[in-house]
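TrEMBL lists Gly106, Gln107, Thr108, Gly109, Ser110, Gly111, Lys112, Ser113 with the feature ATP binding site. Residues annotated as coiled coil in TrEMBL: 370-463. Sequence annotations record features per position, and here TrEMBL assigns compositional bias 'Basic and acidic residues' to 946-959. Residues or ranges marked as domain 'Kinesin motor' by TrEMBL: 4-359. Residues annotated as region 'Disordered' in TrEMBL: 896-971, 996-1024.
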Amino acid sequence: MAENVRVAVRVRPFNDREKQRKASLIIDMRGNSTYIKNPEDMGAEPRSFAFDYSYWSHDEFKESANGYLEPTGGRYADQRKVFNDLGQGVLDNAWKGYNCSLFAYGQTGSGKSYSMVGYGSNKGIVPIFCEELFKGVEAKKATAGENEEYQVTLSMLEIYNEQVRDLLNPKSIAQKGGLKVRQHPSKGFYVESLVSCPVSSYNDIENKISEGTRNRTVAATNMNATSSRAHTIVAITFVQKTPNETGQSMTRTSVVNLVDLAGSERAESTGATGDRLKEGSAINQSLSTLGNVISALADLSMGKKKTVVPYRDSVLTKLLQNALGGNSKTIMIAALSPADINFDETLSTLRFADRAKAIKTTATVNESPTDKLIRELREENARLMELLKTGGITLEQLSANAGAGGQNPNQEIEEMKKAMEEELRKNQEEIENMKKTWQERLAEQENENKSNVDAELKKQEEKKVIPHFWNLHEDPALTAMIVHFTREGTSKIGNKNASPAPEITISGLSIQKQHGVVTNKGGVVKIKAIDGKILVNGAKITKETDLHHNDRVLFGPNHLYVFHHPQDEAKNFKEGKVTETPTYDTAQEEIAKKAGFMDKAGKSEEDLILQEDVIQMLPMVNEADAMSAELDKKVKFELALVSPQARGLKGGKTEVMVKMRNLENGNEWLWDRNKFINRKFLMQEMYQNYVEGADDWDVPKEKDPFWEDADVEVLIGTVHVHLMSLSHKLDIEETLTVTNYQGKENGHIEIEVMPCTPKGESLGEDDFLDDPKELVGKELNFKFKINFGRGLPSNMRQSCCKFKFYLDNQYTSTAYGDGMNPEYKFEKLFKFPKCSQEFVDYLMESVAVIEVWGKQKDTSSKGGATLGSDTKQLMAREKSNLFGLSNYEEEQAKLKKIGDNKQTPVKKKGGNKAADSNKDNGVIIPVPPPPAEKKQNDQQVNAYKKQADDADRRAKAAEQRAASSESQVSDIRSLLTQKKRGGADTITIAELEAMLGGGGGRSTTSTAQKEHMGDQASKACTIQ
């Protein structure tokens, strides 16, 4: 009989990050109902969802002496309660012979692993299930008859980027394209050549899962993969062989799938609006397809008969077809964050879980006579052998297996033959296994494991006495899985291609053959970089450096380790020194702090959010940079912190963006966070194919994540036009400086704003207004002109100006102008028949922001010093020459004049080691000169604050200057009014000087004032 998937949700306590942000609680639970509040309207009625179980694990608990979190109130759901409700049912059904599946779903960091695996005394569903299963097996064995047998086998696989990897078979992990997924006529989809290991105790399962996790860590590091985007499936097969009432041997089989899905936030679109490669990544495919499958199954359960369930659209849904819509009893546990800062992800998780509870599955007991199973397998083998001998593949079989559209029939037939041969091999293996006694299979597995177990025991003992490195990973489950010993003497550090092989082999992104060296002399351990980049405690090392217990060491851009020194640790303990064990987050914070980004003291919540974004993005930017160097893509990536003013907004928050610069021609593009993250996953796919040795790893530039079309518009900069004069019906004529997000001048544009009649004719001299309030209820017409640009960046082929005025939803744009000095010749007549108070306030207090956009020259290379250089050489040259792009262009222009292709030496501007190290981190920040002693400057530059607020300060300064000018205009107006009322038609110079504080025949705007006001000064307000 069909039954619904059982769905539970569980909310965890606040984590450290949420506590630092003083997050608000938005989740509540009463009975089986869960409620979520919208942080933007906390007083509104919360949304409600009903599930089979709603577990409150947010508070009302305490930690007991053994570390177990036990309830102090009636609401708290501890680990045992969750197992009793969910895991016990899985266990009972496994004994009955049903297939079972348990899914863990939720955003990264929401507590999935705690519910599934747990830690310490707080064991999760998986370990308790395994312990209870083997307790039951031992109890059965104690009273078992001669023909009774209980067998447990385990397999562990990972799905990443639509590729399957067997985590218990390290050789298959490096297999190009991963393992094949095949389809059996009656059993459904399965993974070809997947290892299934016999286990005899929970300890065996724990060791196998640890082995799989270790292999997963190594693979993720080698391939530069992101573990939070991978799905892990642990399958436990439980077989009971017992005689029935007639004495016939019966086999009852249950497959229990324990599925840890990738972070649920990955199911959403990356939001890379306008990016040509938005849908290009296969990394999101499995999770998005899972959502589609669940929606289709829910529709089917509601009676929509024509719904097609897209199981075949992803590897994950193929392998979970039984669990989702077939022969399985299925449970889903969705993990929730309680914090307002995760509202969108939490709401998405609740909606997903709510949809899943409508799914129905029909589970049957998997029980057959053992002899019958063997006979059926033999008959299937005979049929397959006959087909392979005669080549008798029918059209029905061909069409049923035609899943790879576009293949020709011969290729499909070859694929089918390979599948049959694999099925034949697998069937024969099953027959042999059935003939063997369970004890024989266990003995074989123990012999295979013996060397691994002995090696692991030896390693654990050595870790107690020998200094070593252990890895840090963003996924806590993958932390401390890789260990490298620093034995007495010298240990070279390098990649697997080094000859002779180094003592410490680290494979992966930007690890050199001779990366570095570690020496251990009498317990004193030192490290030195040779050809590679090494950071110790966040700072790049340039000479031999001592290592101490719990030091953090980064090799290349993303190989992060902690140094463990047993003797140091014992000494610290004896002296009463407490050294906190580093985490991945604290290590990344340290790297960001040394780069000038971390300064939490006295920071606003917005600043803390910005710092968190920087900490998350910094390692990703470094990885992208390293991949560009390895793949010779001739582009460099840097973090950019862009204020709202620099983006053409009056207010808002500073955003972390990424600048990609072409090292050959100097072209630059700014990508928003989402676009960069999407592109980075595509870069990882390309790098993975490159590492695997695929011939087609490189792709046409239109599909290349490292390439951007020169026709893609880039923001050159913005200008702010103050509109106060318009509220007095006075002309505005200004030449304004175009400034980019760094506050750098990128040229000028000339604008005019002229009040006029509805037909565009000039107003009379008496039409100006003394008080802007007089404008309320009256009409205002004016021409807005953008005449031309001057001195724009030389690499710009074309440019245009865009702006929104008042309540406009759409941008108004000029036509494109060519070159550095474009002629825009733009004019638009604005008509406001009746001005509101809000509109007058807008004119008095706001600015019109004009954004200057450009298309860059499509030149492949500048030639000269860059010609023939690879990416690593270009990056090294840029690092050694700390002049900016404009200086670079000047130098190349000089070279062109003298007809010399060799780059002349250029004196570094402010060149120093601190600057070098920060350039290496890929961050655009100013660096203060170090003290004479060349020690680390105690006061790190608060770079992100300076960069983020620079445009804001410029805008405020311009507003102050404009206000000063408008005040002078107002004074002149008052004087004019007085004179007119008195019948006079002239004003003496003396009167003007007295009013403006001038004298001595000087102009009313001094040279110093002009320099201070710069190009922002309004000509309408400057009186000579």
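Each Cβ is built from the backbone N, Cα and C atoms, and glycine gets one as well.
Other residues of the same chain near the ATP site, with their Cβ within 8 Å of the Cβ centroid of Gly106, Gln107, Thr108, Gly109, Ser110, Gly111, Lys112, Ser113, are Gly263, Ala335, Ser337. Neighbour counts were taken at the CB atom with a 10 A radius for the binding-site residues Gln107, Ser113; the maximum falls on Gln107. Within 10 Å of the C-beta atom of Lys112 (ATP binding site) sit 24 other C-beta atoms, taking all shown protein chains into account. Within 10 Å of the C-beta of Gly109 (ATP binding site) we count 21 further C-beta atoms, all protein chains included. Taking each of the binding-site residues Gly106, Gly111 in turn and counting other Cβ atoms within 10 Å of its Cβ gives the largest count for Gly106. Neighbour counts were taken at the CB atom with a 10 A radius for the binding-site residues Thr108, Ser110; the maximum falls on Ser110.
Over the domain 'Kinesin motor' (4-359) the predicted model carries a mean pLDDT of 87.
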